[in-house]
Amino acid sequence: MDASALKGRRIIVGVGGGIAAYKACELVRELGRAGAEVRVAMTEAARQFVTPLTFQALVGHPPLTDYFDPAQEGNFGHLDLARWGELYVVAPATADLIAKIRAGFGGDAVTTSLLAFKGPVVLAPAMNVAMWENARTQENVESLLKEARFSTVGPGAGMLACGDVGSGRLADVGAIVSAVVARLGGGPLTGKTVLVTAGPTREYLDPVRFISNPSTGKMGLALAHEARALGAKVTVVLGPVGAVDRTGLEVVDVVSAEDMAREVLSRVETADAFIATAAVSDWRPETRAPQKVKKGEGPENLKLVRTPDVLLEASRKVAGRAKRPVLVGFAAETERVVEHAREKLERKELDAIVANDVTAEGAGFGTDTNRVTVISRSGPDRVLQGSKRAVAGEILSLLLVSPRG
Ligand code: CTP
């Protein structure tokens with residue numbers, strides 16, 4: 001990450017009352033180390049976890065904790081804070097705090113200063129997985145994200161403080177710092193171009209019938225949005241998936257495997273990374289009838305031919321190049337998942353492959369969550385689990401932001 005992007009930047013850290021509040025101490029220290037000027041606001045609940053004195057020692061200024069305290073308000077109150085800051089990070093953003101921000105409450109130092117703040121806000125949610133998955137919480141987050149001013153980082157996937165496993169862990173401090181840098185106009189992938197394939201392909205046998213699969217493109221789009229949030233220029237070559245969020249992405253719509261191959265091959269040489277998540281149909285009908293085939297005249301058997309392997313052809317095209325993009329494949333498997341994925345890693349000469357057991361609960365086609373194993377040429381296999389967005393963020397940080405080996 002280009003930490004110099006933070007030199008002299010004025011950042012407010014709003015601390016909510018969750019067990020992850022202690023990590024906010026590390027966050028303000030890292031922001032300070034990167035050269036930012038930091039001021040802290042704490043909710044009353046946050047003070048149950050960390051004392052204001054801790055932040056004062058780390059930042060060099062007392063945090064705003066009580067907007068009714070004349071001494072605090074007279075010195076540097078909530079309105080001064082809101083005017084001073086260039087960017088507001090809320091970490092941890094608890095379910096309660098997110099709900100209050102969404103509703104426009106202003107009953108504590110964090111929400112009042114946020115109400116008066118006009119700049120970009122980065123929310124770093126952290127809570128129990130059930131609270132995170134609660135429809136109310138999701139609705140609150142989605143509603144805030146409709147405003148371009150708001151963005152989220154995390155929550156990460158893994159073991160939570162309460163012992164549950166899933167999404168809800170505060171994003172790594174490094175990821176939060178990266179999100180701040182990205183919002184301020186830089187990011188660890190700034191200047192990089194990332195090419196992604198996503199969704200299914202359709203192979204038509206006549207104008208109204210096709211061979212396809214149930215892919216919804218969610219994993220690929222999650223990777224695309226995360227890469228964009230990290231500063232990359234992102235192109236998605238997207239099969240037919242219906243309405244999706246295209247904000248900030250260059251989307252090239254395609255239908256068949258052949259279309260997808262053509263669009264990818266014309267772009268892969270200039271990309272810094274190519275991530276193939278598309279569920280490309282491996283077969284297509286040998287012929288495509290120009291008119292709808294009538295029941296009576298249809299063939300008893302359908303003759304199929306192979307479609308291009310988009311990833312394999314892209315890999316061959318850039319093989320041996322001095323500036324070869326990082327190649328990442330996905331492997332949708334139903335058995336001997338890691339073994340089959342490794343075979344694909346070798347055969348398609350990839351840098352890494354993300355293996356996905358599509359039969360596992362909460363994984364695969366159409367789900368919002370995923371459980372995957374990241375297999376790369378260097379470093380041990382890593383199992384990641386959580387929302388597709390959280391898993392996407394971790395895949396990118398493992399393979400593109402701080403590659404192993
Ligand atoms: N892929 C591709 N073009 C194809 C088939 C697959 O680009 N025609 C890419 C996928 O996007 C994925 C990887 O190759 O990144 C592996 O896809 P998968 O369907 O799991 O494997 P296949 O190569 O099709 O092998 P098999 O059918 O034997 O499982």
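Residue numbers in this text run from 1 along the chain shown.
Just so you know, glycine gets a Cβ as well, placed from its N, Cα and C.
Feature annotation from TrEMBL assigns region 'Phosphopantothenoylcysteine decarboxylase' to 1-193.
Taken from TrEMBL, the feature domain 'Flavoprotein' covers 10-182.
According to TrEMBL, the active site, proton donor annotation covers CYS162.
Sequence annotations record features per position, and here TrEMBL assigns domain 'DNA/pantothenate metabolism flavoprotein C-terminal' to 189-398.
Taken from TrEMBL, the feature region 'Phosphopantothenate--cysteine ligase' covers 194-405.
In this structure, ASP282 (CTP binding site) belongs to neither helix nor strand by DSSP; it is coil. Annotation source TrEMBL lists CTP binding site at ASP282, LYS292, PRO308, ASP309, VAL310, LEU311, PHE330, LYS344, LYS348.
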Q. For ASP282 (CTP binding site), which residues of its chain lie six or more apart in sequence with Cβ-Cβ distance below 8 Å?
A. ALA257, ARG306, THR307, ASP309
Q | Reduced DSSP assignment, LYS348 (CTP binding site) | A | coil
